Amino acid sequence: MAALCRDCGADPGEGPVCPACGSRRIVRHAELFTLHIAHVDCDAFYASVEKRDRPELAARPVIVGGGVRGVVTAACYVARIYGVRSAMPMFKALQACPDAVVIRPDFSKYVEASHQVRALMGRLTPLVQPLSIDEAVLDLAGTAALHGAPPAVVLARFAREVEAQVGVTVSIGLARNRLMAKIAAGRDKPRGFCVIGAEAREILAPEPVRLLPGVGPKLANRLQAQGITRLAHLQGLDEREARRRLGDDGPALVRRARGEDDRRVNPERETKSISAETTFDVDLSRAEELERPLWRLAEKLAGRLKKEDFCAGGVVLKLKTSAFAIRTRAQRLASPTRLPDLLFEAARGLLARETDGTAYRLIGIGAAPLLPGHLADQPDLADPEAPRRVAAQAAIDALRSKFGAAVIGKGRGLK
Amino acid sequence: MKFKADRATLLKALAHVQSVVEKRNTIPILANVMITVRDGKLTLTATDMEIAVVEDVAASTTRNGACTAPAATLYEIVRKLPEGAEVELDHPGGDAQLALRSGRYATSLVALPTEDFPSMTAGTLPNRFALPAQALRGLIDRTRFAISTEETRYYLNGIYLHAADSDGVRVLRAVATDGHRLARVEEPLPEGAGSMPGVIVPRKTVNELRKLLDEVTGDVDIALSDTRIQFKVGTITLTSKLIDGTFPEYERVIPRDNDKVLRVGKKDFSDAVARVAAISSERSRPVKLSLARDLLVLSAASAEQGSATEELDADRVKYDSSPLEIGFQARYLNDITDQIAEQVEFRFADGAAPTVVQDAADSSALYVLMPMRV
């Protein structure tokens, strides 16, 4: 069976220890040298970057997150032993792990590290599709001649380069398609290298349905109601049955449960959503109190849409109650926009229906669907005031680009 | 209540009233038609609480009274009776069922008491005028395609009907817009309409009214207040609530100084648009118009399917301004040209500004169309 020493790249033969370097980090798989779709995930990325910069914290539990009321953005593997998870409220995390060192996130540092990692990926193949700041999928098909080695060998070398040059570790999944590569990358974290080939279906069978990306708690509950808890249950459904029991998306779900996925690696990553949110220092429940931060977020969202040349075909309002229940409410817009006023008005309409006395700890506003920028704020025959609003916003933008964001604003943004 | 009527007469009347009835009704009685015989006269009434249609029907009546019965079922039954049949409806009153007999066919329908049937009162309608059915058809046909379906701007979900000044002439105007296109159609102001308030007639009312207008030639009597409008079309009275909202100041968006004029035959143009647009399966298929002296090139492209162009030259096109490129949704172009008899006149300002479209031989209708960036 094909084998590879992850520490020196040599062929370790049959034994448990690499004869060339003495390492035990050996990966073996029948398809090791033919698979070429790889998923790369940086391990506890933000926390790892912080530990890299403060080596004295290496053995301590580190949590990256912010504010009195913030949430855990990232937790190192030491903190995870105590049960700390990302997106957990900070107070809970500190209950679980009182000794944790809490570090405010410094995104500029993470972005820089991410760029370094991405630059190293770029040397492996042009087909790199970043999925987030610390995750990407790569297609190394046909690169063996260039590198003089099969993808697995090149990837193991890449993992060593990232450790040496960026100072963080990565986990790699190598498989026949994107779905299985992602699942593989998650199976051997941290510093992992997991290969899944023909046995994908077998591996998935005993797993809970939640393992599949895209199966969240709601869908899982729906499936459970039908007696479907393990992927094996889905694997056995034929197309017609899948459609009948699970609706139009059923057959696609069954294909994924079998480990099938025909998505290509597309280096032109599409931005799927743009949003802005904020957590309050104290819970808010009154419409007037919530509208002030909402307006500022609408302005922020409008700025991001403009910067990335998109516009909003609809607005999504996100609220988190003091009991941590998340409410999202969405509305299509009559015509696509990136004017803060119109984004705010739509979100305010959605908010009005949710201000029923519930106390909220977080509010957010997002653009969905995201549409190309040239569709924004087309002239509207039913709105004779529209050209003036567009002109006013252009004037505000011009002043801000010259004198800074604080130079001018609407009264409703003031505290 | 008891009467006999011939199938064709009854079927036609039921067709009118049952189309007002909401198909999916949460209030059962709203799915019913009220059948009344009073002073020997038969009347059918249906309402969805927004619109009420009352129709007098010729019948030989033998007993006064009233009941309500499911409109769709009754319509289906009468439709399935043989042509030329005579239908007898008999309701003894109270909780009894409604008996329908025709030849050897007999049925009993569950009837609901008329006390529960909602009445839509018109209130006083101080503004009254008459409009030839043909003129009313013209107002509706040439504007209703532009009515918005967008719920947030509910005040666009109808036709804005009002008295206005058009170059010193008093006119009755119908205007509709969905923000992308606007249609403004005028008729000479009928006597009695001068002091009417501007009203927004809901889309469903417009569509129901339009169906009734197919069969008539004379005048339609219109009466309205600022909350209700009533149309008397022959033996049918349609009463409707109006949309409570303010229609935008549409005059401000109608360009006055567009000086680049294109004239083209309606059929040549709309056929070419249809052929060129066929390349794209998008809903908002954009078509580009490229203009040079006496030349119009229509083109469309789709990332998946390819591209198409068609040229219309001096034989069929008149244009003598500077070259211009402008894009429109194919469907919007066709909606407008469908209303035009022979020659279409486009008046452009530039490739990004609203364009005016008119029938070259008839200035009573004016359309404004927003370009698409292509």
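Cβ coordinates come from backbone N, Cα and C, glycine included.
In TrEMBL, annotation is done automatically, which means it is predicted and not curated.
Secondary structure at A:Glu135 (active site), taken from DSSP and collapsed to helix, strand or coil, is strand. Summarising the annotation, TrEMBL assigns active site to A:Glu135.
Marked as Mg(2+) binding site by TrEMBL: A:Asp41, A:Asp134. Cβ contacts within 10 Å of A:Asp41 (Mg(2+) binding site), excluding its own Cβ and spanning all protein chains shown: 22. For the recorded site, A:Asp41 (Mg(2+) binding site), the DSSP three-state label reads strand.
Mean predicted confidence for the domain 'UmuC' (A:37-216): the pLDDT average there is 91. The domain 'UmuC' annotation in TrEMBL covers A:37-216.
The site 'Substrate discrimination' annotation in TrEMBL covers A:Tyr46. Counted within 10 Å of its Cβ, the other Cβ atoms near A:Tyr46 (site 'Substrate discrimination') come to 28, all protein chains included.
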Look at the recorded positions A:Asp134, A:Glu135 and tell me which residue has the greatest number of other C-beta atoms within 10 angstroms of its C-beta. A:Asp134
